[in-house]
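Colleague: Next up is a structure, given as structure tokens.
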Amino acid sequence: MTKLSVRHLLGIKNLNENDIQTILDTATQFKEVINRPIKKVPSLRDITIANVFFENSTRTRLSFELAEKRLSADVVNFSASGSSVKKGETLLDTVNNILAMKVDMIVMRHSSPGAPHYLASRIPANVINAGDGTHEHPTQALLDAFSMREQLGDLAGKKIAIIGDILHSRVALSNIFCLQKLGAEVMVCGPSTLIPKFLADLGVKIGHNVKEALQWCDVANVLRIQLERQQIKYFPSLREYSLYFGINKAMLDELDKKIVLMHPGPINRGVELSSDAADSEHSIILNQVENGVAVRMAALYLLAQQ
Ligand code: CP
């Protein structure tokens, strides 16, 4: 099996195309494994992994924990809430204390962009970024690419529209890096206040009309509005956002082709997606969640070989 060019999975920006293809191909093998009656393999039997979460999570955290257990690793889970972080302990002291208990890998989510990079340069363990603020969410982008590849085959030349709050989304940036490295064309669509200007310099198409974006794309990856990261008002109200950028099933049905609908979760039903769209035959949202386990198994397994 090919090795990765990196010791840590900090972002898609640091990966080359071969790394991405290797993770996706390895995930295909692990997906077969976890669909068997006996879902576990002994690959990481001697490895201990800590999931260190300083921000809330449902999908990423459970998916990493399941992936680690399917690989037979020992697993410990840490949440900042209820921990000694509340007594003033620093990030580095917290992680060094976890490592003193003979932990080999750290999976970390943190609200500060760059926090996993800071750790990776200071500790001996492998670090996986499970989302750092508004920066990157590499395993989400990998599972999104894996899910798109299952639907469309090779992504070279395919058209992917990312619709919603691009400015505050780590999923958007990791998706853009990943999809461009795989040869796809990427459009972002949303209110101009929620689209960072630098994306045009990366060759990303910019749009503000959701019907045109849906007509253009093969896949619509829809993002929620991240109100928790917004210090100012970027648009008048969620109702107004929904009116201009919300997607419902009728909008998908009236297209002259069938497109794939994705969302990384959590969905704000009735804002960026209506329930009839989220639960329609266009949607592969729960397939994304299913694929997250196999993709994270692949990332963990390949990093443990470094
Ligand atoms: N997609 C995603 O990161 O979901 P969670 O915040 O629930 O982990």
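For all residues, glycine too, the Cβ spot is worked out from N, Cα and C.
All annotation found in TrEMBL is predicted automatically rather than curated by experts.
According to TrEMBL, the record shows the following:
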type: BINDING; residues: ARG59, THR60, ARG109, HIS137, GLN140, GLY265, PRO266; note: carbamoyl phosphate binding site
type: BINDING; residues: LYS87, ARG170, ARG224; note: L-aspartate binding site
type: DOMAIN; residues: 7-150; note: domain 'Aspartate/ornithine carbamoyltransferase carbamoyl-P binding'
type: DOMAIN; residues: 157-303; note: domain 'Aspartate/ornithine carbamoyltransferase Asp/Orn-binding'
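Show me how these features fit into the shown structure, please.
Modeller: Non-local contacts of ARG59 (carbamoyl phosphate binding site) by the CB criterion (under 8 A, 6+ apart in sequence, same chain) comprise PRO264, GLY265, VAL289, GLY292. In the three-state DSSP reading, ARG59 (carbamoyl phosphate binding site) counts as helix.
The number of other CB atoms found within 10 A of the CB of LYS87 (L-aspartate binding site), across every protein chain shown, is 6.
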Colleague: Of the binding-site residues THR60, ARG109, HIS137, GLN140, PRO266, which sits closest to LYS87 (L-aspartate binding site) by Cα distance?
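Modeller: Looking at Cα distances from LYS87 (L-aspartate binding site), the smallest one goes to ARG109.
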Colleague: Measure from each Cβ of the binding-site residues ARG109, ARG170, GLY265 to the atoms of ligand 1 and list the residues where some distance is under 6 Å.
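Modeller: If the test is a Cβ under 6 Å from any atom of ligand 1, the answer is GLY265.
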Colleague: Which entry in the list of binding-site residues, ARG109, HIS137, ARG170, ARG224, has its Cβ near the fewest other Cβ atoms, using 10 Å as the limit?
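Modeller: Each of the binding-site residues ARG109, HIS137, ARG170, ARG224 was scored by Cβ atoms within 10 Å; lowest is ARG224.
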Colleague: List the Cα distance (Å, whole number) between ARG224 (L-aspartate binding site) and ARG109 (carbamoyl phosphate binding site).
Modeller: 18
Colleague: Can you tell me how far the Cα of GLN140 (carbamoyl phosphate binding site) sits from the Cα of ARG170 (L-aspartate binding site), in Å?
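Modeller: That comes out at 9 Å between the alpha carbons.
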Colleague: For ARG170 (L-aspartate binding site), identify the closest of the binding-site residues THR60, ARG109, HIS137, PRO266, judging by Cα separation.
Modeller: HIS137
